[in-house]
Amino acid sequence: MDNNYFFRNKVYIVIMLLTISLFFILGHLQVGSIILVSYMIFILYKYRTFTIKSHEWEKFIEDFSSKMDIYSKNLLIKSPFPLVIVENTGDILWYNKRFLSIFEKGEIIGRNLKDILNDNNIDKILNGEKELFKYLAIKNKYYNIYANANENSVNSMKTNTSIILYFYDVTHEVELMKEMKKHNHTIMLIEVDNLDEVLKATEEDKVVLLSAEIERTIKNYAQSLSAMIIKYSSSKYVVITYYKNIQEEMNKNFDILDDIREINYGNKLTVTLSIGVGIGGDTPLQNYEFATSAKDLALSRGGDQVVIKNKDNLQFYGGKTKEFEKRTKVRARVIAHALVNLINESSNVFIMGHINPDIDAIGAAIGIKNVVKTLGKKGRIILEEVNSGIENPINRIKKNNLYSNTFISMEEFMNSYDSNSLLILVDVNSKEYVQNKKVLDYVNKVVIIDHHRKSTEAVEGAILSYIEPYASSTCELVTEMLQYMIESPKKNITPLEAEMMLAGIYVDTKNFYFKTGVRTFEAAAYLRQLGADIIDVKKMFAGHLETYIKKAEVMSLAEVKDDIAITLCPPDIRDNILVAQVADELLNITGVQASFVLAKINDDVVISARSFGDINVQVILESLGGGGHMTMAGAKLQNISIDEAKSKLQGVIYKYLGEGE
């Protein structure tokens, strides 16, 4: 109600006044006077009634508001839900007893909510980005948080926002979801790594016993998981079980990998498994696709490991044994023939390595470039930077007129590619480490040739992929392929090209004592037949005295613990190649089984790692976002100090050593 009653009813007032006036004009003075007096009495009555009701209404509103304040306070205090009122900075203004019961008393007084809950989503609630946050874990319970913001005037210039947070206990709901998840079906695909090779390397009278023991071990394992198991080829099995059983295996680091390695029936090669597990799919088919992808990744990373794949990420277990060399060259021949067909079908060919390319990438690129030229196609190598490690080899190549216009920049690539171009990636399979990621956006056909374990961020959609972690180097793989790709290699491959490929093998094997197999020496011998001179290769990598002094300085700072050497480069050393060389040299120290060298380069910390194989440096650095293979790996940590990087590295090493016990 308000005081504008008469104004809102002025139409009726005007009508009445006109009517009364009409009586007076017509001479009915007595009747007009009676009506006028009656109307005035009516108006006074209505006004008094209106005034009384207005006062009563205002009093009712005041009483109601007062009672609502009391009710609101009682509701906050006696609410069955935990409540807390905070400023938008997170400082606690008030909380009820239910909220206090969630925490110990000492944890609340004078604290900030962000410190107590320690969750990034709290910032989003305080900033008004979210009004609901689900499933926050507090003291073994789970809560949904609902937010309600109110602005309070502090003075004429400033307002503060207070936020009421309601905590709704959903522990039962979360536990129910967990229980349901435990009983979700998962699919596991098991493959015995290179079973044919294992059986061939076993005495004939024990082959049947070995095969039976492998199958018995796998089936007993499936039985321990209460799983259904089907053998669908001599070395492959499909297993269906509950997610809760997979969780238990994750906690045990899949000890089936250890059990299968212990089988000994006269087999000269260790029996290992590659296992892919698909979980969290919307359908059994999706879980099967996850498992297939996971197993393929396990195989391409060298086997002897479990890979678990869901919608969001990958998890790795095992992978701590050395890859053993494949004796057959059938795959090399098949890949070589397929690559020849792709080159012939393409308008032109581009070859690209990884960031900070080494001589293995350059040597492999030169070998592939020769094949492309021999097949009558135009091939060029994308090279945007020349580091100290490849400066001498690149200068030797550029002095030879046969290789003019071989190396091109990104700008030159952009001016020469077309829809039928072919890109061959050498010595890299991760899209994060290719020399220039933009190239991948423009080329439809991609081939990968690499000896590193397949990365979780591997280039997708490659029409041909040759990733063999057993190989010493990419140059070894390319050398084998050359023999099947071109006629009369001795006539078509120059001594300089052969030396570049031999240099790739020489450097990646650390002078033929790292990760060398029979096929490594066969490839080196073949390159020697093509005119490669090992003395010229050695001269290619002769270093300056200043470099040796710097390496000695970094090595002198090394700390050795648990047979692992860790050293930090001084701030003035910012050379990736020198970092890698120091990691190599540290293995010459008695008792050192693995080495890690850290250097601050711009805003990043680069880590180079080496090992004799007993310690898998690839698994360690994968935890920091890096990669490589068992005896040689690297990582780059962004926006971090070198001391923080060292602390992180020590943490993952400690975890790795703990899992191995």
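Placed from the backbone N, Cα and C atoms, the Cβ positions cover glycine too.
What you see is a predicted model, and the numbers here were worked out from it, not measured in a lab.
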* Asked: Which residue of Asp282, Asp427, Asp441 does TrEMBL report at the same Mn(2+) 1 site as His354, Asp358?
  -> Asp427
* Structure fact -> Checking TrEMBL, the member of Asp296, Asp508, Asp533 that binds Mn(2+) 2 with Asp360, Asp427, His451 is Asp508
* DSSP-derived class (H/G/I helix, E/B strand, else coil) of Asp508 (Mn(2+) 2 binding site) -> helix
* Tally every other Cβ atom lying within 10 Å of the Cβ atom of His354 (Mn(2+) 1 binding site). => 20
* Fewest neighbouring Cβ atoms within 10 Å: which of the binding-site residues Asp358, Asp360? -> Asp358
* Asked: Within 8 Å of the Cβ centroid of the Mn(2+) 1 site residues His354, Asp358, Asp427, which other residues of the same chain have their Cβ?
  -> Gly353, Asn356, Pro357, Asp360, Ala361, Val426, Val428, Thr474
* Structure fact -> Whole-number Å distance separating the Cα atoms of His354 (Mn(2+) 1 binding site) and Asp508 (Mn(2+) 2 binding site) is 15
* For Asp427 (Mn(2+) 1 binding site) and Asp508 (Mn(2+) 2 binding site), determine the Cα separation and express it in whole Å. => 11
* Asked: Under 8 Å Cβ-Cβ from Asp508 (Mn(2+) 2 binding site), six or more apart in the same chain: what's there?
  -> Asp358, Asp360, His451, Ser472, Ser473, Cys475, Phe514, Lys515, Met632
* Structure fact -> Model confidence over the domain 'GGDEF' (183-311), as mean pLDDT, sits at 90
